[in-house]
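As written in TrEMBL, here are the features:
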type	residues	note
BINDING	HIS99, HIS101, GLU105, HIS144	Fe(2+) binding site
BINDING	HIS99, HIS101, GLU105, HIS144	Ni(2+) binding site
Amino acid sequence: MVASSKDDREEVLQAWYMDDSDEDQRLPHHRDPKEFVSLDQLADLGVLSWRLDADNYETDEELKKIREARGYSYMDFCEVCPEKLPNYEVKIKNFFEEHLHTDEEIRYCVAGSGYFDVRDRNEKWIRVWVKKGGMIVLPAGIYHRFTLDTSNYIKALRLFVGEPVWTPYNRPHDDLPARKEYIETFVNKEASNNAVGAAA
Ligand SMILES: [Fe+2]
């Protein structure tokens, strides 16, 4: 399903472990030295990614195929910048609250850029930089947050299976079935794979 090569994707999707500083959330927050995370590592956490033709999303066959395969019947635009969002500084702090959803969060960046931060299995923050042409799926139940970067502009397509539900459940919400399923599928499974690997 992923037609473009991995290198191709990395031009519009990059991920790295974050530092612990309290500086502006819109800064890159690289560690020193930088610690990049591959898109395969993200996939192991359930985070899927594609590179698509953002100038032709209306007629893009590849997007159409992804939507059909994954049942993404709903689609709308979300544009975030200081000029279009009243109380911008307050709102972007709200987006940055750690939360989860009971469904996938699917975003396709068609202009601008932004950071989607996700927790790895050891609770470390991985920052995923999504630029024009990058599309990501955050699985249901993964703790995450969003921020604009210093360009202060993103235009994204939001996709969904059926009628959209955008409800964020701020951390902690560990008893939700979606959270338990996420742990079962992407955290425990990996731990048992590693145990098997170590025993072999
Ligand atoms: Fe979210």
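From the backbone N, Cα and C atoms, a Cβ is placed for every residue, glycine too.
Curation plays no part in TrEMBL annotations; they are all automatic predictions.
Location within the structure of each feature annotated in TrEMBL.
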| residue | record | DSSP class |
| --- | --- | --- |
| HIS99 | Fe(2+) binding site | strand |
| GLU105 | Fe(2+) binding site | strand |
| HIS144 | Fe(2+) binding site | strand |
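Residues HIS99, HIS101, GLU105, HIS144 make up the record's Fe(2+) site, and a Cβ search at 8 Å around their centroid adds LEU100, LEU138, ILE142, TYR143, ARG145, PRO168 from the same chain. Cβ neighbour count for HIS101 (Fe(2+) binding site) (all protein chains, 10 Å cutoff from its Cβ): 20.
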